[in-house]
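Under the heading active site, proton donor/acceptor, Swiss-Prot lists 81, 235, citing sequence analysis as support. Annotated active site, acyl-thioester intermediate per Swiss-Prot: 113, in sequence order. The (3S)-3-hydroxy-3-methylglutaryl-CoA binding site feature in Swiss-Prot is assigned to 29, 113, 154, 202, 235, 244, 267, 297; the stated evidence is sequence analysis. Swiss-Prot lists 240 with the feature CoA binding site.
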């Protein structure tokens with residue numbers, strides 16, 4: 001039974017702050033910072049935006065692109081690290097905001113930056129089992145970085161929604177694989193406004209071990225070679241990590257470059273790999289194979305292989321904004337505006 005991505009929708013807030021502007025405030029060398037992280041600028045949510053509004057907009061675009069009745073969506077999953085409420089699901093808000101049926105499975109997923117991709121696994125399972133006609137997952141974040149700390153140069157905002165189904169599949173799922181371990185690379189305790197990270201744990205023991213473990217494990221299990229893929233998309237905490245991961249897997253740069261978005265919008269956390277995936281789907285051709293490998297701290301990676309079908313051409317002509325459209329549509333803000341828009345200026349009586 002053919003199961004896969006029926007539609008996709010993305011949303012990137014139009015506001016941007018340049019890396020050099022953040023570096024100016026903290027006295028860092030902007031050229032060195034850009035060279036280290038390969039992030040020129042990052043997206044910033046508007047004063048009236050949060051992870052929920054971003055998720056709603058991305059999901060509306062996915063539904064519009066699919067051209068389906070939203071009431072046919074029988075499951076909705078939301079993955080985020082930046083919930084507006086400590087106790088109140090985003091998924092239930094999506095049900096009413098999108099006009100879904102009340103007879104729907106709705107869950108907020110938890111696994112750092114790969115919670116949205118865990119929703120994809122769950123949606124695929126329900127559709128494949130015949131329990132729902134369509135399932136949706138949304139990866140959305142307004143990610144946090146402590147002022148003056150290096151995460152501030154990349155932590156950004158954005159969202160991606162994927163609709164899974166059996167009919168009208170634009171990218172058919174061929175294989176999925178997972179690699180997980182208890183690795184304390186990144187965390188945020190209850191009540192803490194900003195996350196902490198384990199410095200040396202974030203690279204080799206966390207990102208590379210799990211990205212490579214998932215991608216290599218999938219290829220070995222199912223017999224894929226790097227040459228089989230037209231596009232490869234990894235989680236993008238910065239501009240260097242995905243390029244290095246590709247090199248470690250002998251994947252040429254031309255296969256990974258089309259899905260790189262971090263240079264222009266920073267690390268959108270749960271939307272990071274999914275944003276690159278959406279960007280690739282915007283231009284992919286029938287027959288193309290796509291390797292998608294999200295990563296979540298704590299730590300784990302899922303690896304997916306999709307084959308693009310003829311339906312993708314119809315989906316690409318719906319007039320829904322592409323990721324490239326949103327990368328070009330931007331308004332720059334200074335650091336003071338950035339603090340205001342991110343509600344980081346606290347007033348006390």
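Every residue, even glycine, has its Cβ placed from backbone N, Cα and C.
Overlay of Swiss-Prot feature records on the structure.
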| residue | record | DSSP (3 states) |
| --- | --- | --- |
| 29 | (3S)-3-hydroxy-3-methylglutaryl-CoA binding site | coil |
| 81 | active site, proton donor/acceptor | coil |
| 113 | active site, acyl-thioester intermediate | helix |
| 154 | (3S)-3-hydroxy-3-methylglutaryl-CoA binding site | coil |
| 235 | active site, proton donor/acceptor | coil |
| 240 | CoA binding site | helix |
| 267 | (3S)-3-hydroxy-3-methylglutaryl-CoA binding site | strand |
| 297 | (3S)-3-hydroxy-3-methylglutaryl-CoA binding site | coil |
Closest of 81, 113, 235 to residue 297 ((3S)-3-hydroxy-3-methylglutaryl-CoA binding site), Cα positions, active-site residues only: 113
Binding-site residues listed as 29, 240, least Cβ neighbours within 10 Å: 29
Of 113, 154, 244, 267 (the recorded positions), the residue whose Cβ has the fewest other Cβ atoms within 10 Å: 244
Neighbours of residue 113 (active site, acyl-thioester intermediate) among the binding-site residues 29, 154, 244 (Cα to Cα, within 10 Å): none
Cα distance (Å, whole number) from residue 235 (active site, proton donor/acceptor) to residue 29 ((3S)-3-hydroxy-3-methylglutaryl-CoA binding site): 26
Cβ neighbour count within 10 Å of residue 235 (active site, proton donor/acceptor): 29
Proximal but sequence-remote residues of the same chain as residue 81 (active site, proton donor/acceptor) (Cβ under 8 Å, at least 6 apart): 112, 113, 115, 141, 143, 144, 188, 195, 269, 270
